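The block underneath contains the structure these notes are about, expressed in structure tokens.
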């Protein structure tokens with residue numbers, strides 16, 4: 001091996017090389033030997049050189065043949081395969097050409113040159129086909145780089161412009177500071193530098209203080225929690241309360257006990273946020289402390305004010321303050337919303353205070369409230385309306401809904417409802433009880449003793465009001481036996497109206513005198529005429545007989561005597577002379593609708609000597625059972641003639657009935673004028689009623705039975721059914737009398753006509769609780785009725801307007817004294833005689849009676865306080881007069 005071979009280093013690459021033209025092929029048993037020179041390894045491939053084929057020198061041959069065999073040509077397919085995998089490496093022409101000493105080329109060399117030219121042409125074609133796609137990708141890449149560079153240049157331009165603007169602003173600020181510094185002396189400059197250094201220290205201290213104040217509570221609570229846990233673990237007592245829970249409990253107690261604790265806590269939190277935020281801003285900015293506090297408040301008030309803040313520190317502080325401000329205002333909105341909701345709830349539930357004066361206060365709720373409100377509204381109409389306050393232990397909305405369903409006009413009167421208990425002084429103060437001109441205490445439905453006991457406690461509460469009461473108290477009681485106790489507690493402030501006693505006495509009067517119920521309904525209500533008491537100084541020294549004809553629009557019926565302590569005397573003697581301070585009791589339409597005038601010229605009344613008819617024994621039937629029936633029996637015994645009979649028909653067994661009468665205080669053995677007959681049965685069952693001699697009774701009283709009196713509709717239905725059954729039985733048992741009306745008798749017209757015929761033989765008085773039921777009875781004309789709830793409401797309203805009216809009612813309903821009566825006309829005049837109403841008044845007063853109205857023969861209702869009293873008219877003996885006279 002030659003020296004060239006020994007210096008040759010084997011190649012580690014796996015490149016494919018084309019053989020040189022001097023490569024000598026050997027037999028298959030002897031593979032050719034390749035030798036590489038140093039020049040061939042460092043030389044570049046031929047396609048990186050010029051397109052012209054290189055000229056090889058004969059002396060620079062790379063391969064040397066080891067045998068003298070001629071060189072062979074490499075197949076084209078191998079060259080092509082090598083070109084596809086690796087770029088071929090061609091030896092330089094100077095190296096590959098054989099050495100020639102200037103001799104012409106041989107045939108073998110010509111063949112080699114031709115082969116090399118073919119290889120070069122294929123190489124050019126290969127290079128032209130592979131370069132085109134590479135160039136297109138490079139072009140797209142360059143365009144993309146140019147676009148990115150252009151956009152970055154634009155962004156850099158804009159950022160530079162913004163920086164220039166910012167720097168210009170900084171330069172302007174610095175110029176201003178420089179101008180300010182130039183105006184100072186050097187001494188001032190030193191002082192300003194010292195002041196700046198001091199301010200910097202102060203600002204740093206302010207920032208540290210604000211941060212410490214914010215973090216200190218959290219550290220404190222964590223420390224408290226840690227201490228409490230460590231104590232519990234050391235003492236091993238599970239029942240010991242931790243300090244954190246104790247602090248939380250104290251805070252809860254403070255917030256719940258003090259009404260303004262939440263608002264105060266919110267105010268303190270707001271002030272702390274503004275103060276700490278201002279200190280933090282003072283530490284990170286160059287502004288004064290006042291400006292920083294104002295900026296802190298603006299951040300708290302509006303979360304968008306921090307948008308113009310510059311610098312990292314001021315922005316962090318301003319954002320923190322804005323977050324705290326949003327929290328503060330959220331809490332504030334919650335408190336305001338809760339306060340508004342609580343206020344609306346208090347208004348809806350009736351918890352707010354009534355700020356009124358001279359109003360009428362009603363305590364309690366019952367079925368009589370509707371009629372009571374109606375009467376009070378009518379009474380206030382002349383004043384342009386009034387204020388009525390209702391307080392009961394019911395929901396305010398339910399009370400207002402029930403009052404709204406009442407079918408009457410309030411005539412300008414305003415009704416205010418409040419929820420509360422009359423037994424609680426705070427609730428009484430809420431409705432301005434001390435400033436009310438009248439207080440009405442309604443009886444509750446149900447047990448009479450429990451209702452009166454509650455009324456007694458209410459009176460005790462009213463008398464315990466520290467401010468005192470301006471008005472009087474009107475108490476509705478259910479049992480007459482409790483009246484004395486209530487008056488004892490209330491003293492002069494209390495006026496009592498015993499509902500059952502009033503209705504019982506009224507029913508007895510109406511049973512004895514048919515048509516009196518309608519008269520009482522007109523007088524007790526404010527719709528027509530009622531009682532008024534007023535002083536007229538110009539009447540002093542005048543006889544009462546002359547006073548009777550001195551009021552053209554009113555009828556005098558009594559005097560309130562000042563010398564007797566204000567005692568009211570009804571139907572006084574005609575010779576009584578009015579003294580100074582005396583007041584006149586009249587029946588008029590309204591308190592401002594009447595006034596005295598000069599006495600008119602009235603003919604002297606001629607006295608008609610007619611004796612009063614003597615009382616005859618009567619037979620009366622009581623259907624039903626009331627808890628005060630013992631009091632009714634006492635009144636009947638005092639008003640009926642000796643030998644009268646009282647039949648009691650109800651479902652109470654006779655042995656129990658007698659015990660109840662004794663428990664009520666009635667001693668049957670002491671009854672002087674009546675005898676009791678007991679019958680047991682149901683008043684709505686026909687066969688039970690048929691066992692009674694219904695055709696023989698002078699009067700029948702149908703009571704609202706105790707078992708159903710709590711339900712007005714059920715009680716009225718029972719009373720109406722009893723009335724119809726009794727009238728039908730009476731019509732069947734009595735002989736039919738024909739009364740012609742348009743050529744036909746009542747019996748031929750309908751069954752109602754038969755009942756009306758039977759009604760002329762006996763009087764039936766029904767107790768009605770619901771005012772809507774009276775329409776059925778008034779249309780049928782088969783019986784009279786007493787509106788118990790409505791009449792009691794009227795009496796309460798009249799006493800509430802003027803407490804002196806109660807004295808008049810007590811005398812008219814008492815067993816002794818004066819009462820309302822209906823007299824026939826033949827007592828005062830003759831048939832066909834023409835007299836004025838004044839003349840009738842004077843004739844009646846000769847009999848110690850005061851005429852207040854009349855009912856003509858064909859009229860359905862009586863006229864109370866008639867107009868044109870001086871005009872004469874023709875009377876008949878079948879006319880009736882309504883008078884106030886002493887009880888017979």
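Cβ from N, Cα, C; glycine included.
The feature transmembrane segment, as given by TrEMBL for the ranges 115-134, 135-154, 155-174, 175-194, sits at 135-154.
Checking TrEMBL for transmembrane segment across the ranges 92-110, 206-224, 225-243 points to 206-224. Taken through DSSP, the domain 'RCK N-terminal' (357-498) splits into 63 helix, 31 strand, 48 coil. Beyond the transmembrane segment (264-284), the same-chain residues lying 6 or more positions past its ends with a Cβ under 8 Å from any Cβ of the stretch are 203-211, 213-214, 255, 258, 292-297, 299-300, 311, 313-314, 316-318, 320-321, 324-325, 328, 331-332, 335. For the transmembrane segment (321-341), same-chain residues at least 6 beyond its ends with a Cβ under 8 Å from one of its own Cβ atoms are 262-263, 266, 269-270, 273, 277, 280-281, 296, 299-303, 305-306.
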